[in-house]
Every structure is written in structure tokens, then in C-alpha cells.
Amino acid sequence: MEEQSKNKISEEEKQLHGKRSRPKGGLITMPFIFANEICEKLAVVGFHANMISYLTTQLHLPITKAANTLTNFGGTSSLTPLLGAFVADSFAGRFWTITFASIIYQIGMTLLTISAILPTLRPPPCTGEEVCVVADTAQLSVLYIALLLGALGSGGIRPCVVAFGADQFDESDPNQTTKTWNYFNWYYFCMGAAALVAVTVLVYIQDNVGWGLGLGIPTVAMFLSVIAFVGGFKLYRHLDPSGSPFTRLIQVAVAAFRKRKLMMVSDPTLLYTNDEIDAPISLGGILTHTKHMSFLDKAAIITEQDNLKPGQIPNPWRLSTVHRVEELKSVIRMGPIGASGILLITAYAQQGTFSLQQAKTMNRHLTESFQIPAGSMSVFTTVAMLSTIVFYDRVFVKIARKFTGLERGITFLHRMGIGFVISIVATLVAGFVEIKRKRVAIEHGLLDKPHTMVPISFLWLVPQYSLHGIAEAFMSIGHLEFFYDQAPESMRSTATALFWMAISIGNYVSTLLVTLVHRFSAKPDGSNWLPDNNLNRGRLEYFYWVITMLQAVNLVYYLWCAKIYTYKPVQVHHSKEENSPVKNELQLSNKN
């Protein structure tokens, strides 16, 4: 009896132990993570895709001011991820950063919805060719506050969701080494699917039912996504924050500057290493020494002044480990490649501003009674992007793998390069389409009738929108893969923030470019490449070709950067497999 009781207790203990040791993370967490990102994207795209119409038709802003407002908002939303990444990597962790940022975003969306519902928060409506009253300072202030809250919320969500999702796969497990790059493809696919719903259903509601409902739906969706994300708490792999990565980078720079007059050691193995203090920031493997930027290696030279004793942790402002020095080197090496993506975003940003304004002047009727909203034109970009991702993941990779031997088919640097070339073609085509559109306007005497439809089909715009979608599927995902893969392990959120920072700068460059072109192309007779109220009298094709030339120069710059780029070498520690010892091997991280 007593023996049976012991056996029963033993079985219960085994079951309890089994429950406790059940591995966390993996594919089971993806629905919760993607739900949050899908709703955030639904809210962002549902707002941004048609916002040029809201700003010009509801708030009555001039075209250039409305375009700059949108690109400034896009730039700020893509810059705040640096703050979110700092909070996540330093002390809060990714889960809590995403949660609180989602709540802030929810407040911003609610305020934006209220501003679209209450008539007092908008100027009086106007019709026809009458002069419209522009929104006053108070009305614009409500809009800007809502946009700022949205930007802050995005700052916590964007850098952390993608990194948090990738965290759910153990890179030290050989069985999961290919899941991470697959995850990036499907992460972008889910974002694209959300964007597809936004630019079709939500834009249609905004144009034909009302902005209150059109913004209210993504606001409710965002609320549900917070609940769904928090609901998966017990299933996630939670990696503890390892301290501010920015502090460590500064410490290495300071230590190297202090020892700048020292002679470099002849043997790199004499440089300081300490796996124990680096353990929290190198779970996937220690970064090994590289020959480049040797002036930073001086931070790891041990001197008498360091007063280093056995078992003692050194002063990080005087002495850094090789791993930490290589962290800084990795960030510096990533900079030129990361910066090359800025101009692609500048080109892409025109879809939501001037390309949309082109669409508003064209015949968008599918039937006599139904026409596609101008804000829904980006559906062609999204469909092209989604189709390319599926083709890339299911067909292209399998074919490329036979020639390259790489699990991912081609490196992310090759993927980015393909995207750059396609983007150049997209803006080149856009210029010729604008020439065609204006030629038709001239033939029908519509040059001075900006609010009259030009009898030319909107289908002429499909090639440029589709090419931008294909370019994004190659370049943007490759860009994201690059930042995540090549960044130091402890800076994954920060790396994703750098991806968004490139997008931010791309939007700001668009604002700067539009402003400069608008100012310097103005002539005494009132003509302008980018006119405020009559696109038919402009020279938008010249603007597109300026972007094309800038992208061509940027491609040459990128090819040079890619040629000299050095991948980070990592001493990988594979997890234990059943009946097999732990393996340690040196790998270049692009071959994962």
C-alpha cells in the first residue's frame, strides 16, 4: 500500500516536472504575435493609405503640405523605434515594451477616430471649385497629438514584435536554424495581408461611409490585438534584457580612446576575453576577433593600470572583452549597408502622396456605378508584394538553393540588390506614365480643370505600383534580415529599430526633396514641378526621374558596400541533442 502510494506520488511528480520543463516558444506562439502586428499594420495602413485624401478633402490642406505632413509622420513613426528598442533591450524586455506601446497606440487611434467624428474638429465642408477653409491651429493640434501618440506606440511595437517573434526560435538548435529566415518572409506576408484589407475594405468605408467608421474599425482591432498578445504570455520564450547596448558601445569607444597611444599586440589571442561576463549577451555564441578597425581592439588590451586580478570584473570604461569590441565593429559595419535603403523608401513614399494624386484625376471605374477609391491603389503594391513573397519562399529559394548551396537560396545582400534594381525601374516607369496622363489631359482641354476626371484608365498606374511591391518583397525583407542577422545578439531590438530608422530617414528625405523641388522649380509665372492645387500643370515626371537618378547612384554605392562587407564570425554553441555532445563551431552568420 505504502509502495503504491510512493509510486503514485512519483508519477505525479514526473507529470508536474514534465509540465514545468515543456519548452516555450516555437510555432504555437506565432498567432498571438502576428495578431498584434496585423492589427497595428491594419491601423497604420488604414490611416496612411488614404490620409492624403483626408488632409486635402476634410482638412483642406494644400497638396505639398499634406504630402509633407504624411512623410513627417511616417518618418517620426519610424524613428521612435530607437527609443522603444532602448527600453526593451535595457530593462523592460520586449514583451512588456510591446504591451505598453500597444496601449499608447490605442489611445492615439481613439483620439484620431474622435477627431474624425466630431464636426468641430474639422473645418466646414466645401464643394466644387469654391475656396475651402483650411483647418485652424486647434484642429490641426488634435490631429498632431493623435499622430504623435501613434508614433510613440509604433516605436515600441515595431522594433520588438519582429525580434520577439524571432526569439521564439532557438538558433542554437540545429532543427530550427532555417525557421528564422522563413519567419521574416511570413512576418512580412502577414503585414502585407493586413495592408491589403486596409487599402480595400477600410479605404472604401472611409470614402463611401465615413471616416469615423473607417478609423473606428482599426481602433477596435487594435484593442483586440492587445488582448490576444497578452493572452499568449505563458507560451512565449522571454529573454531577459541584458542592459543598455548603447552603454556598452560607448564603453568600448571610451576604452579604445583612452588606450589610443598603445602599440597593438602582435597576437590577437592576447586580447582580453571573459566568457563569464559575456554570457548574458552571447547566448547564441561568442563573437570572434576580426582584423578590421583594429584601433578599436585597443579597448581589449590588458595593461598594468587595469589592475586586473583573477576572478575580478574589470572596469568596462577601461577594459572591454573582444566580444564587446566586436559588437561595436558589427554596428559600424552595418551602417553603410543600412543607409543604402533610405532612397528606396523615398521612392516608395511617393505612392501615398503624388501617385495617389495621379490616381484621383484618372478614370477608376470598374463598372458604371463602382470605382476604385484612389487610396486603394496601393492594393496593387500589396498584391504584388504578397505574390512575390510566396513565389520567393516556395519556388525561387528551392531553385536558387541548387546553385548556391545556401539554405535561404541567396544571401540577404543579393536579395537587397535585386530590390534596388526593380525600384529604379518603378520610378522610371512612373515618369513616363505621368507624361501619358498629361498628354490625354491636354487633348481634352483639361489642363486647368484639376477636379475634372482625365479620361485615361487607372490601369496605367498598375505597373509602377506593382514594381514597388516586388521591390519591397526583395529589398525590405532582405534589409530586415540583414539587420537582425548581422547585429550583435543582445541588440536584436535595436537592430530592428535601425531598419525602421532607415525608413524614417527615407520619409524625411522625401519631405526634404519635395520641399526643395517645390521651392527651386517655382517660376515667376506661377508654374512649378510640384504645384499645390493643379497637378496637370506640374512636371511630376521630372520629379520621378530625379528620384530615379538618385537611386541609380545609390545602387552603385550599395554594390561597393556589399563587395567590401565582412560578415560577423560567431563561435556557435549548438544545443545538446539526444545522445550527442555539444558542438562548437565557427560560422559566418550569413550561412545560418
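For all residues, glycine too, the Cβ spot is worked out from N, Cα and C.
A TrEMBL annotation is a machine prediction, not a hand-curated record.
The feature compositional bias 'Basic and acidic residues' is assigned by TrEMBL to 1-16. Per TrEMBL, region 'Disordered' is recorded for 1-22. The transmembrane segment feature in TrEMBL is assigned to 95-121, 141-165, 186-205, 211-233, 370-392, 412-433, 498-522, 542-560.
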Region pair the transmembrane segment (370-392) / the transmembrane segment (186-205), three or more CB pairs under 8 Å: yes
For the transmembrane segment (412-433), distant same-chain residues with Cβ under 8 A (at least six beyond the ends): 337, 340-341, 344, 347-348, 350, 355, 358, 460-461, 463-464, 467-468, 470-479, 481-482, 485, 540-542, 544-545, 547-548, 551-552, 554-555, 558-559, 562, 565, 590
Surrounding residues of the transmembrane segment (211-233) on its own chain - C-beta under 8 Å, 6+ positions past either end: 29, 31-33, 35-36, 38-40, 42-43, 46-47, 50, 54, 58, 95, 98-99, 102-103, 105-106, 109-110, 112-113, 116-117, 198, 202-203, 205
